């Protein structure tokens, strides 16, 4: 005990010495153990969310509420420069889903803090890594350095976004507690004069000048360097709290036995790099992105989706003293329009815990159990590493992390398989030290890929657990009653003991677990049970109540806080068992008012303390009975699938969307390619410069028309670049002469075209080139955003081009923003259908304009682009959340085809079946109207003269949930995007973009 007292005094002294602020506010402070927010130590349990990938602000609250319900107290947010600044000098933080004030407000309403990450560079598999796309012409100087031209380019962005972050920081009553500087920028040279050091200092100064006064953070790109820590060769540019990104899974979607080997060197890494700071993982693997041509889609990647990953990896981080953890991603969302960098396709599901459809995966449920534990386990926020290895158990097949809090004597033993990829069951005993001496805990079982946090001297409200040999989900204090929730897998043996108590009597309720007690030769009584299926309850004579819950049953256990503060104590939560989701709770007198979602009718059990006598579910009181141990039990309904009707997609109209291949097409209003120089770091292969960005066209399909005279030209050499998996075609005087379907591994390709089998004219021969676009590169690829898109060069064999013209989205970025600031220029490309707005609600498909009856199931019998249009009406039940999507099916023999899907004007899918893997495309409420008319459009690009068609296209539902969700407008998920201003209609202004 003397040693423990000495350690306790030493820890307090060290904490006092090392407790640090940024000198601007003491509302957020830190020491080697944790962050302190508003005077409270906080285990930061955060998830990454990219609001542009869910462009319906009301749905942001849905995600935040689900995060809060699953134990999260923070969200990490990138703010993408290119998303808010489509053209130089324009910054939009107000229109539609660009209105980020709603983001801050919803986070605060949900009760979660914000970690702001505004770059200027973000990465994130986002178009150009988030850098403004108007820099893609080379006008931005030396990107991500202290270069003066680049500095001048990004400064207005930080001035504007910085002020918004400052206004919403905790110092101004907002939710922002941390602000990240840049993104994964490696400090390769520790020198004060290094351009990266100067660059970091420039950004930090800019944020401070904008009023941001919360601590700065960084994120190291894996263990590749040691960057920006005040504790490691600090020559300038260091941040307040160093962070390390890690994606250690090494998992395979096609071989689930691959990988699953945890890293065990985080603790030592942080001790060597940032020993005066808490251990922070700004990006820890919540999933992984899938690329074009992948062998499987996210929904099929069982290795990434497994709850076992969350169980083992997130507890492994706890074992290494991590107290700030952000899961990347928590919710991935959708790369609608042209948000994606070329490394990903439309879906950004990321195999994240919360599915792209906003549905709860088992992985999220397991993640919740970790989050609820860290929420109330204050003893974790002051632990020292006592030891680690295989010597703490009766078998070397088990590995243990041993943490001890010198202030409270609480201990945490994180046990896992020594070989974490093992799928073999092991049973062993664990040696633990407690305030009452050493104990050997027997019969601890790990079923393959499983981990447990075994706690000792764990304080409850009115008593202390001396030890417990399974996981604590959470505990609550209800007046004089402690309620503890333990979870284990069926068949696993659990033992626990109270500290300083005589032998207690107890009563069992529910499915019997045959709890037994044994004192042996000590005054300590050990209680042992074998976990059965479902839930059992034990009430002890000291008033303590234990819920003994099977792990899978615990997936539907909830601990909604009774406060909106992100900091939640054991006295500020109640317990609910049964529903699909409990969003929040309020208590008025004896009435417990629950708001949540449910799929199927179920029993609901509520423990809220002795004052509680009635329960409301989504505003309606339900009949409840009180159990002998004090909970209230009733029944709630679910969604009625028979009330949901999903219409077929019929009544299609079709029109040619590539008349530009015909010589007679009038391109007099097109942009002339006449530049002979470029700022691009990439040299053009011919003149004039044909890089699309040099002419103000950044996103989407590009169309070129090149003319030449003479019949002696024998061929052409063209090089195009559109990003990974792009494809392109070339027509000569209306005839297809080159088809390059695309390759998932190719960013650019060359076409050597032979004209020998084609008729040329004496004058005005026309070469039409259509080039797809999968995004601008991140800086990990060559020159990043400055890698040109479009034609890199074009030459003739035996002649010269007399002119080149280019067409992209309507009016380029500037014109497209003027036409549609809500969806913004990243939504569209250069097809005639897109330029003229055929995809928009309110557009009339008139036969006089060339529209005829025609289905995408009939398709094209030659190369070209057809645009298909129809409408459908939904009448889904009010107060239902019915995630919807579009599913494509292609013929067994797939001809090269590229399809863009438009829903109410939003490009919400790129379907390329011969590359894959995506075939289904979720559409959120507000983009699709659940109780109104919807417009759907398809551009079908047949890349060969064999033509192309679909086998089927249908509207599908992913599930149905009766819900009490409300974003403040009383409509729940009945979000009419048109009425909310998210679906601007077609206007005559589109007609001029021919």
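Glycine is no exception: its Cβ is also placed from the backbone N, Cα and C atoms.
Note that the coordinates shown come from a computational prediction; the quantities given were computed from them, not determined experimentally.
Residues annotated as signal peptide in Swiss-Prot, with sequence analysis given as evidence: 1-19.
Look at residue 125 (substrate binding site): DSSP puts it in coil. Sequence-distant neighbours of residue 125 (substrate binding site) (same chain, 6+ residues apart, CB-CB distance under 8 A): 289, 335, 340, 341, 343, 344, 348, 778. According to Swiss-Prot, the substrate binding site annotation covers 78, 123, 124, 125, 183, 247, 350.
Swiss-Prot lists 88 (among others) with the feature N-linked glycosylation site. Annotation for residue 88 (N-linked glycosylation site): spatial neighbours 132, 134, criterion Cβ-Cβ under 8 Å with sequence separation of six or more. A coil conformation is recorded for residue 88 (N-linked glycosylation site) in the three-state DSSP classification, outside any helix or strand.
Under the DSSP three-state reduction, residue 184 (active site, proton donor) is assigned to coil, being neither helix nor strand. Around residue 184 (active site, proton donor), the same-chain residues at least 6 positions away in sequence with a Cβ under 8 Å from its Cβ are 123, 219, 220, 221, 245. Taken from Swiss-Prot, the feature active site, proton donor covers 184, and the record attributes it to sequence analysis.
A C-beta separation below 8 Å, combined with a sequence spacing of at least six in one chain, links residue 301 (disulfide bond) to 251, 253, 290, 351. Residue 301 (disulfide bond) falls within neither a helix nor a strand when secondary structure is assigned with DSSP, and so counts as coil. The feature disulfide bond is assigned by Swiss-Prot to 253-301, with similarity to another entry given as support.
The DSSP secondary structure for residue 272 (N-linked glycosylation site) is helix. Here Swiss-Prot flags 272 (among others) as N-linked glycosylation site.
Under the heading active site, nucleophile, Swiss-Prot lists 283. DSSP assigns residue 283 (active site, nucleophile) to a strand. Listed in sequence order, 48, 219, 245, 246, 247, 326, 328 are the same-chain residues at least 6 apart in sequence whose CB falls under 8 Å from the CB of residue 283 (active site, nucleophile).
Its Cβ taken as reference, residue 388 (N-linked glycosylation site) is surrounded by 17 other Cβ atoms within 10 Å in the chains shown. Per Swiss-Prot, N-linked glycosylation site is recorded for 388 (among others), and the stated evidence type is sequence analysis.
Under the DSSP three-state reduction, residue 407 (N-linked glycosylation site) is assigned to coil, being neither helix nor strand. Taken from Swiss-Prot, the feature N-linked glycosylation site applies to 407 (among others).
According to DSSP, residue 500 (N-linked glycosylation site) is assigned to coil rather than to any helix or strand. Annotation comment: Swiss-Prot describes 500 (among others) as N-linked glycosylation site, evidence class sequence analysis.
In three-state terms derived from DSSP, residue 514 (N-linked glycosylation site) belongs to neither a helical nor a strand segment and is classed as coil. Here the Cβ of residue 514 (N-linked glycosylation site) has 10 other Cβ atoms within 10 Å, regardless of which shown protein chain they belong to. Positions annotated as N-linked glycosylation site by Swiss-Prot: 514 (among others).
The N-linked glycosylation site feature in Swiss-Prot is assigned to 521 (among others).
As annotated by Swiss-Prot, N-linked glycosylation site applies to 600 (among others), with the evidence given as sequence analysis. For residue 600 (N-linked glycosylation site), applying a Cβ distance below 8 Å and a minimum sequence separation of six or more within one chain yields 638, 639. Residue 600 (N-linked glycosylation site) falls outside any helix or strand according to DSSP and counts as coil.
The N-linked glycosylation site feature in Swiss-Prot is assigned to 674 (among others); the stated evidence is sequence analysis. The Cβ of residue 674 (N-linked glycosylation site) has 12 neighbouring Cβ atoms from other residues within 10 Å, across all protein chains displayed.
Residues annotated as N-linked glycosylation site in Swiss-Prot, with sequence analysis given as evidence: 717 (among others). The number of other Cβ atoms within 10 Å of the Cβ belonging to residue 717 (N-linked glycosylation site), over all protein chains shown, comes to 15.
Annotated N-linked glycosylation site per Swiss-Prot: 757 (among others), in sequence order. Within the same chain, no residue at least 6 positions away in sequence has its Cβ under 8 Å from that of residue 757 (N-linked glycosylation site).
It is 19 Å from the Cα atom of residue 717 (N-linked glycosylation site) to that of residue 674 (N-linked glycosylation site). Burial estimate for the recorded positions (183, 407, 969): highest at 183, by number of other CB atoms within 10 Å. Put simply, the two farthest-apart Cα atoms among 78, 123, 124, 125, 183, 247, 350, the recorded binders of substrate, are 19 Å from each other. Fewest Cβ neighbours within 10 Å among the binding-site residues 78, 247, 350: this applies to 247.
The number of other Cβ atoms within 10 Å of the Cβ belonging to residue 272 (N-linked glycosylation site), over all protein chains shown, comes to 13. Counting only residues at least six positions away in the same chain, the Cβ atoms of 50, 78, 80, 130, 183 sit under 8 Å from the Cβ of residue 124 (substrate binding site). Ranking the recorded positions 123, 500 by other CB atoms within 10 A of the CB puts 500 at the bottom.
A distance of 24 Å separates the Cα atom of residue 407 (N-linked glycosylation site) from that of residue 272 (N-linked glycosylation site). Secondary structure at residue 78 (substrate binding site), as computed by DSSP, is strand.
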